[in-house]
Amino acid sequence: MFVKLQHLDTNCIPVLHPVKTSNSNINGGVSLPLPCHRTEREFEQLIKKHKIPPQKQLDFDKRTVFRKPKSNPDGLVQNPERKKGTIEKDKVVKRRVWSRRDTLEKEKLQNKCTTELVNGNEAVKKVHTKCSTKVVPENGVVKKEHTKCSAKWARYGGCIPAMLDTLERVTNLDEAFKPWELSLSNKERTIILKEQKSWQRAMEIFNWFKKKGCYELNVIHYNIMIRILGKAQRWEELEILLNEMEKNRIEPINSTYGTLMDVYSKGGFREKAMHFLDIMNKKKIESDEVTMGIVLQMYKTSGQFEKAIEFFKKWSIGKTVSLSSYTYNTLIDIYGKAGRLQDASQTFDEMLKRGIVQNTITFNSMIHMFGDHGQLDKVESLIQKMEQFQCLPDTRTYNILISMHTKHDNIVVATKYFKKMKDSSLLPDIVSYRTLLYAYSIRQMVDEAEKLMREMDERGLEIDEYTQSSITRMYIEAGMLKKAWLWFKRFHISGKMTPDCYSAIIDAFGSRGHVPEAEEVFKCCQEQRNPKVLEYNVMIKTYGVNKRYDDVYRLIDRMEEHGVTPDICSYNSVIQMLAADDRPETAAFYLRKMRDSGFVTDCVPYCAVISGFVKLGEVGPAIEVYNEMIRSGIEPDVVVYGVLINAYADIGNVEEALRYVSAMEKRGLQMNSVICNSLIKLYTKVGCIREAEEAYFTLLLLSSDLDVYTSNCMIDLYTERSMVKPAEEIFEKLRKNGNANEFSYAMMLCMYKKIANFEEAFEIAKKMRELGFLNDLLSYNHVLGLYALDGRFKEAVMIFKEMIESGVDPNDSSFKYLGVVLMKRGVPKNAILKLESMRKDDYQSGLEAWRGTLDLVFGMVYRDISD
């Protein structure tokens with residue numbers, strides 16, 4: 001009878017019987033095949049090469065352990081009796097006492113290291129957890145030593161835990177692999193490579209396998225190395241590995257391409273990842289579900305949601321495979337991000353139909369999707385389903401709900417979910433706190449924000465720069481400047497503030513008019529380190545917003561003294577603010593400095609200065625800046641030409657305006673709506689109706705939404721020529737679009753009055769009163785003149801009284817129209833002249849005299865009507 005040694009198999013010790021190795025090159029693997037039957041000479045050479053001590057039959061007998069019927073608690077027999085059984089050599093080989101397959105099968109089931117005690121036909125198992133057994137010969141007796149090994153390694157069973165443990169402790173690979181050198185299987189080599197923590201060690205082991213020449217390295221091993229090198233972002237080594245595969249004719253398989261796409265896309269090389277997808281397509285290699293999922297993730301990460309959906313549809317044509325929950329979750333997330341809510345919902349329902357368990361990730365994606373689209377009722381329904389399926393929300397679920405409700409201004413509900421998360425024994429993470437804290441800060445909920453900050457401090461959670469600046473703004477807007485300053489000092493003293501953070505705090509104070517505090521923050525930054533150009537730019541903005549231009553000049557001029565060179569943003573800020581504040585000459589000075597520094601790359605700063613001069617009516621200096629821009633080789637754009645054309649349109653200079661139109665067309669720039677509007681304004685002023693109509697029709701082709709000012713210009717042009725039909729067409733378009741204003745109605749009223757179409761004119765006047773367009777002197781006078789012309793005394797008096805009551809003072813034209821009305825009612829001309837004389841001598845007394853006369857005549861008219 002023979003007994004199995006504890007934990008001994010063909011993977012653990014050198015075995016002297018012939019080793020069988022496949023000659024086949026699986027998946028393109030590289031191997032040095034061993035002969036199936038070695039000669040005695042070959043065997044001696046192998047023993048000599050690996051320094052294996054001589055193994056005589058006597059030695060074998062001495063090293064064999066026999067069990068007594070009585071078990072030993074230590075699992076050892078010190079003085080075995082030879083008569084209890086002798087194992088012949090051929091029997092050992094045939095039955096393979098240390099059967100690797102049997103041992104692995106058992107240990108997979110147990111997921112532990114085991115020791116077997118055999119007593120006759122009865123096996124008694126002794127189980128050891130979290131350990132490996134090391135076999136050590138001592139005085140002819142096999143003893144076992146226990147070495148610590150990782151629990152995750154123990155799951156492999158066999159000698160793998162011992163191998164991995166040895167590889168961690170022993171640097172020299174020849175020494176580490178010595179006990180197992182002749183018996184390493186493909187699977188063991190695969191596991192060893194997968195379990196390496198550093199890419200350097202994995203590469204060292206991989207190269208050792210290649211150097212030995214007796215190990216088969218197939219595509220699976222290369223896949224593992226591709227992933228290891230990709231995760232470590234060792235792209236050069238990865239390229240060498242791929243070239244090696246090609247040289248050794250190891251054909252990449254589906255998983256190879258999937259791994260390559262995965263590591264390159266995650267490493268930020270999306271084009272490289274797409275290149276491998278193209279290779280797969282060219283080779284007509286069908287993606288499996290895992291590779292398909294990698295491609296979906298790749299498209300999703302780059303924001304190409306529609307391409308991801310299209311890829312999945314092509315992949316799934318004609319397939320009846322049952323997808324994993326991971327793939328379904330990925331699809332739902334992609335549909336949600338693409339805004340395809342219906343498709344996401346159908347995928348969700350399909351999971352239910354196919355009996356695939358929807359997990360928290362599934363619900364999180366659905367909740368996030370509906371929340372982003374404001375469908376809060378669907379969100380509530382999903383939360384109820386989670387409870388129904390006993391799918392517990394996780395921290396991310398609550399974070400999504402908190403974020404969703406803060407975006408929809410449901411701050412009370414968001415707070416409730418934060419509390420519910422804690423009540424559910426879930427610890428809010430940094431995202432939970434920051435989301436809610438930011439929501440509190442922008443609403444100036446100081447007490448609630450401070451409570452959260454205390455909790456974060458107690459838990460040691462770091463407040464990020466974004467939240468830090470929002471809290472500062474909260475204190476400032478709440479009028480708590482002292483607290484805002486103390487809050488800033490807390491982080492300043494820590495010495496960890498970045499330029500972005502200092503800039504945000506400077507802007508928080510400066511944009512709200514607290515310039516001294518902004519300056520103090522800037523000084524603190526100078527004390528901590530030399531401020532960067534970013535902090536200077538924000539201080540320039542602060543001074544500009546508060547119109548402290550002397551400080552702007554001082555700061556930008558002294559930047560270089562402190563070793564900081566103004567950048568394109570510095571100059572642009574100064575130029576824009578000065579040009580907008582009617583200081584184009586100073587803006588032009590800094591524009592030249594900007595040009596000399598080599599920062600002018602486009603016409604934008606030139607355009608700002610040109611616009612500044614045009615705004616002040618200084619067309620000459622504007623043209624000088626334009627010519628300077630052309631000499632500098634900067635190409636003007638259509639906006640620059642629009643400003644100049646509009647400048648000449650304002651002064652009615654058709655010739656110069658058209659010159660710049662021609663220059664624009666020569667540069668290949670297309671006419672836009674701004675220039676068309678300027679030309680229409682110009683042609684309206686000089687009365688060029690044909691040219692104005694051409695520009696107007698061009699404008700119609702460029703934009704269907706016409707500018708009301710331009711339309712009013714065309715109505716005015718037609719009104720002057722009593723061209724009723726075209727004027728009515730434009731007015732109707734404006735009215736239907738709701739764009740017609742008081743000027744549109746007033747011009748139509750004037751036109752109808754001019755052609756004596758009083759019925760239409762009165763209708764316009766009525767609409768103006770209904771729409772509230774009688775709100776200035778001009779509009780009142782238009783209506784008053786209409787009633788006076790038609791002799792409608794009652795309506796005229798009512799409009800005059802409305803004008804006085806609305807606070808609009810009548811002018812000479814108003815009283816002229818009233819005089820016409822009075823004369824038509826029989827009041828003598830001398831009496832009207834006397835009223836005008838009284839008004840000019842004493843406006844208030846004269847106004848009262850006018851009102852009294854109108855009331856008197858109005859009473860007489862009223863009695864006439866009654867009679």
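Even glycines carry a Cβ here, placed using N, Cα and C.
Note that this is a predicted model, so its numbers are computed, not measured.
Database features, via TrEMBL:
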REPEAT    218-252  repeat 'PPR'
REPEAT    324-358  repeat 'PPR'
REPEAT    359-393  repeat 'PPR'
REPEAT    394-428  repeat 'PPR'
REPEAT    429-463  repeat 'PPR'
REPEAT    532-566  repeat 'PPR'
REPEAT    567-601  repeat 'PPR'
REPEAT    602-636  repeat 'PPR'
REPEAT    637-671  repeat 'PPR'
REPEAT    741-775  repeat 'PPR'
REPEAT    776-810  repeat 'PPR'
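Shown for the repeat 'PPR' (776-810): DSSP residue counts in helix, strand and coil, namely 26 helix, 0 strand, 9 coil. Same-chain neighbours of the repeat 'PPR' (776-810): 742, 746, 749-750, 753, 758, 761-762, 765, 768-769, 817-818, 820-821, 824-825, 851, 854, 857-858, 861-862, counting only residues six or more beyond its ends whose CB sits under 8 Å from a CB of the stretch.
This prediction places the mean pLDDT of the repeat 'PPR' (394-428) at 94. For the repeat 'PPR' (429-463), the residues of the chain that approach it from at least six positions outside its boundaries are 395, 398-399, 402-403, 406, 411, 414-415, 418, 421, 470-471, 473-475, 477-478, 480, judged by C-beta separation under 8 angstroms. With helix defined as DSSP H, G or I and strand as E or B, the repeat 'PPR' (602-636) counts 25 helix, 0 strand, 10 coil.
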